[in-house]
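Below is one structure, written out as structure tokens; the observations come after it.
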Amino acid sequence: MSLRFYNTLTRQKEAFTPIDPADVRVYACGPTVYDHLHIGNGRMLIVFDLLFRLLRHVYGKDHVRYVRNITDVDDKINARAAERGVDIRVLTDEMTAIFHEDAAGLGCLPPTVEPRATEHMAEMIAIIQKLIDKGAAYIAEGHVLFDVPAMPDYGALSKRPLDDMIAGARVEVAPYKRGPMDFVLWKPAAPSEPGWESPWGRGRPGWHIECSAMSWRHLGEVFDIHGGGIDLVFPHHENEIAQTRCAFGHSVMAHVWMHNGHLQVEGEKMSKSLGNFVTIHELLNSDSFGGRKWPGAVLRLAMLRTHYRQPIDFTVKALEEAERTLSEWRHAAEGAEPEAPDANFIDALSDDLNTPRAISELHALKAKRPGALLGGLALLGVDLADLGEEERALPRSAFEQIMALIAEREAARQHKNWAESDRLRDKLAAMGVVLKDNKGGATSWELKP
């Protein structure tokens, strides 16, 4: 079986050959735990959980190390703790616990290691000292900064010309910087802020050095795959590469860099000002999106229907379609025993996590090999048990008829054919089906008692 992944560093799809097949090593940037995670963060969690599952399937579950960090020292954390009047550790512990609930709700496996930044100060200080000793970092007014010209091919990951990056960095450049692109490795901490003793005084780390330190501690100086959202390519991942390569002297930090695409909500960029900022916790536990709660399996399948590198429009309609698909699959597989995933399904995932093609293969298995359908869903991390219980009490033919009528009514509503919509509602009511048109546009249903 040959795995092929798109490498952001080379801008091409490449055959994947791990450094050590008995110890495949993956790092993905985890959350900064100051608030609930939004659904864009959820996409990253699902994508790299699927990668973890696929690698475990290919190399064995005991031969893959997946590290996903927790950033628990950050200016946003300090500000939120002060705003709420709570201790920083109380805030980060609370948000980490909610994050774990959300990740589990999306069907994500725990990573092999989940390091916290605050537990890796010694590693951060050690890397910074290496950079100073090698002339790649300098001390200025209590700060330690990375000297970007020390990295000749800085910008190789983002493919940004250096002049463009310099132009973008010229706004309010700190006077202690030698160059506008230089970035902070260590900075002084105010008495009211968290701080750690270092050779350069009491302070705290910059964001980028945290991931370099944690990946080094748990995966080594060079590892197989580094991942995250596309928004992290620059500056975060670019800076990680620069400081890690300069500290350890290797030509690469990770052999493959994988990034998932952007997410928008109902056709618009997600933002609090637009009122379309959607958190994972809200989707799983409240009726704030589409007027109802959504099972984690529905959220996961809705994400996986779009290839991970493509932008995705997260909509109520997409969730409804994913739920209908899962309901059909559950009825098709009722009474079947799980089997090994189908070879064509595995081939699809092996081709740069081609989930749209993999899902198409599952549709083909629905009638002829329901056990293989279950095996494929298990590998995708989609749990049919997440769905509600309403359709379990129905014969398959009755369930399919109900779903078809609901879909017809939805089409009538979209075309503002209210008479047809009412006719279909009445027909469903005669079958004992009660519809609820929720405030966000989603339609839910239940059987009359």
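In case you wondered, yes, glycine gets a Cβ from its N, Cα and C as well.
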Legend entry - Zn(2+) binding, same site as C29, H236, E240 - Swiss-Prot member from C211, C246: C211
Inset, instruction - Among 199-203, 269-273, 389-393, 419-423, indicate the range for which Swiss-Prot gives the feature motif ''KMSKS' region'. - result: 269-273
Legend entry - Residues flagged as motif ''HIGH' region' in Swiss-Prot, choosing from 31-41, 53-63, 306-316, 317-327: 31-41
Inset, instruction - Can you check how the pLDDT averages out over the motif ''KMSKS' region' (269-273)? - result: 82
Legend entry - Residues from the same chain, set at least six apart from the ends of the motif ''HIGH' region' (31-41), whose C-beta lies under 8 A from its own: 70-72, 74, 76-77, 79-81, 91-92, 95-96, 98-99, 102, 229, 262-263, 265, 270, 277-283, 299, 314
Inset, instruction - Would you mind reading off the Cα separation of C211 (Zn(2+) binding site) from K272 (ATP binding site), to the nearest angstrom? - result: 28
Inset, instruction - Go through C29, C211, our binding-site residues, and report the one whose Cβ sees the most other Cβ atoms within 10 Å. - result: C211
Inset, instruction - Select one residue from H236, K272: among these binding-site residues, choose the one with the most other Cβ atoms within 10 Å of its Cβ. - result: H236
Inset, instruction - Count up the helix, strand and coil residues in the motif ''HIGH' region' (31-41) according to DSSP, in that order. - result: 3 helix, 2 strand, 6 coil
